[in-house]
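Quick look at what TrEMBL lists:
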- G389, E390, P391, D413, T414, W415, W416, Q417, T418, D502, R517, R528: ATP binding site (BINDING)
- V539, H541, V544: Mg(2+) binding site (BINDING)
- 24-82: domain 'Acetyl-coenzyme A synthetase N-terminal' (DOMAIN)
- 84-468: domain 'AMP-dependent synthetase/ligase' (DOMAIN)
- 533-611: domain 'AMP-binding enzyme C-terminal' (DOMAIN)
- K611: N6-acetyllysine (MOD_RES)
Amino acid sequence: MSDHKVYPVSAEWAASAWADEAKYNEMYAESVNNPDKFWGEQARATIDWIKPFHQVKNTSFEPGNVSIKWFEDGTLNVAANCLDRHLATRGDQTAIIWEGDDPSSDEHISYRDLYERVGKFANALKAQGVKKGDVATLYMPMIPEAAVAMLACARIGAVHSIVFGGFSPDALGVRVEESGSSIIITSDEGRRGGRRVPLKKNVDAAIAGMDNPASVKSVVVVKCTGGDVAWDTDRDHWYHELVAGQSVDCPAEEMGAEDPLFILYTSGSTGKPKGLEHTTGGYIVYAAMTHKYVFDYKDGDVYWCTADVGWVTGHSYIVYGPLANGGTTVMFEGVPTYPDASRFGRVIEKHKVNQFYTAPTAIRALMQKGDDVLGDSDLSSLKLLGSVGEPINPEAWNWYNDIMGKGECPVVDTWWQTETGGIMIVPLPGATAAKPGSASRPFFGVQPALVDNEGNLIEGSGDGNLVILDGWPAIARSCWGDPARYEETYFSTFKGMYFTGDGARRDDDGYYWITGRVDDVINVSGHRMGTAEVESSLVAHAAVAEAAVVGYPHAIKGQGIYVYVTLQAGVEATDELRKALVGHVRTDIGPIASPDLIQWAPGLPKTRSGKIMRRILRKIAANEHDQLGDTSTLADPAVVDDLVANRMNR
Ligand code: WT7
């Protein structure tokens, strides 16, 4: 694919960026040839340690002996690195620019102010009995208190587990139970696109639905909209009442580098969501360093990542990376299309944003509305554009580059995952020529490789399963409470390697092109969804006998959710039932899991041993039924003809 258009690094960028090509090559070589020296130096330069580490890298991907430790004998505190150490030099500098859903509401929060808010809330958490090692669930809108709560947990050594505010009560309840969390921090309601999200009500329902509701001892509620909420006087507390009268001084807990910082649940190809555990030292070193090099973040820049703190992108690139670097980070409560589709442009102009980081699905949604969608907004502050969450198709890349970047901003396509903690494959803006659609080259310390289905390494250009051969500081350490599942999921498919679940192609220049998931995970608007989760929700509905879920190409979302449903005998297939099933999944999991298309399937294509042949279902959903491949193992080939004849038009 070297015939693709290449956007070389400009001379100005090569001269001014933290790394040009020569520097990248030199640092990359050192990072993989001499990781102890490289990461030791980086970790000392980037982060303040309480007790210095002596041991740098200590990792093994060997089956039966997977063990990942970085800087293990060092101690530090992440909140102190994000706040305290900046007070002397930048106490009055804005740490967070909060931009409300309502365009007339915003707030600038200085490092000193943030430090004080975190100190008070950290003391309030302690007063609630929260101790080092306890898990606190956050179910929050995008308001400053979300960042305050994260940092307050980090300050006292509590482990936060953020559940995206778009998840249903059931999904929340499962995550609270699985994490063993006895405290939930939420708000009365959230605001999104002019609507209100009943967060406290969802929390009440989540707790009521748990096997042991009494395990949740305390619910802390931020007053956000002032909307009505039900109240349990023994359990519920207003945030503002808890922090009133608390001291701003809260000593930062001395944490071991390998103590957990947070857990974050994500979908896998099977069963229930996994709580990926991230630890303290390696994570913060890597988050800070990637934020600096990938976005070429310089003192005084205003940086905006449009993600939600409910996803890993919000953890690493709204809160931890930017604040560890003493940066100014924009936190946006709203959506790209409210009050109208010019919103991104308006916010960029209003806050003079220099680096902008969003998802292809948002770019495609804007692109569809025409080249003047951003109105007359002044975008001249922009220096760099980033993309994350799914492959960015070249059309969207070009639009981003031409219309938002006016052809003058490097576009950095960042490939990574909840599990990786930080950006893994990316063209550094001063170092790597960009090819639209390719995440290009590995970040420092990252050793990607391609293997065939038998696990043989593919040399040179080719297609295969994307694996990572050796450890980097921010890789997840475990699945919370289930280390065996961690090893099984990521290190058993290809022995001795971390398996990403993605497929990729490597071109003649060594650039990586991510082709998408090769497992039963789909990526809807940059949100990861296990098809098994949607299927189990559907079969729990009384009308459904069997369901199979696959992704299909969707112009805005990247992938849409295509569902094949076999109804129970005697149930009539109606449009009302279709709507009811969509509503059922929305309530059960959350709006992000809503099926886009439901096809009634009298039967599903199965092998003689009864296994559903998803490959065939994917082809039909993608309108590629002329390429069904080998169907000789089907138990009943007629099933496929029916599905093809009745496929849903998009
Ligand atoms: C999956 C991880 C990393 C934060 C957001 C998603 C896909 C992510 C890219 C990209 C192609 C991408 C992969 C990956 N993905 N970024 N730049 N190009 N694909 O985190 O929910 O853990 O999902 O998102 O398929 O495995 P996540």
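Every residue number used here counts from 1 along the chain in the order it is shown.
Cβ coordinates are placed from backbone N, Cα and C, and glycine is handled just like the others.
This view paints the features noted in TrEMBL onto the structure.
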residue	record	CB count, 10 Å
G389	ATP binding site	22
P391	ATP binding site	22
T414	ATP binding site	24
W416	ATP binding site	25
T418	ATP binding site	19
R517	ATP binding site	19
V539	Mg(2+) binding site	13
H541	Mg(2+) binding site	17
V544	Mg(2+) binding site	20
K611	N6-acetyllysine	11
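R517 (ATP binding site) falls within a strand segment according to DSSP. Mean per-residue pLDDT, taken over the domain 'AMP-dependent synthetase/ligase' (84-468), amounts to 97. Under DSSP, V544 (Mg(2+) binding site) is assigned to a strand (E or B) in the three-state scheme. Of all the recorded positions in the record (V539, H541, V544, K611), the one with the smallest CA separation from R517 (ATP binding site) is K611. Taking a Cβ cut-off of under 6 Å from any atom of ligand 1, the recorded positions W416, V544, K611 reduce to W416.
Taking the centre of the Cβ atoms of V539, H541, V544 as the Mg(2+) site, the nearby residues of that chain (Cβ within 8 Å, site residues left out) are S537, L538, A540, A542, A543, A545, E546, A547, V565, L581, H584.
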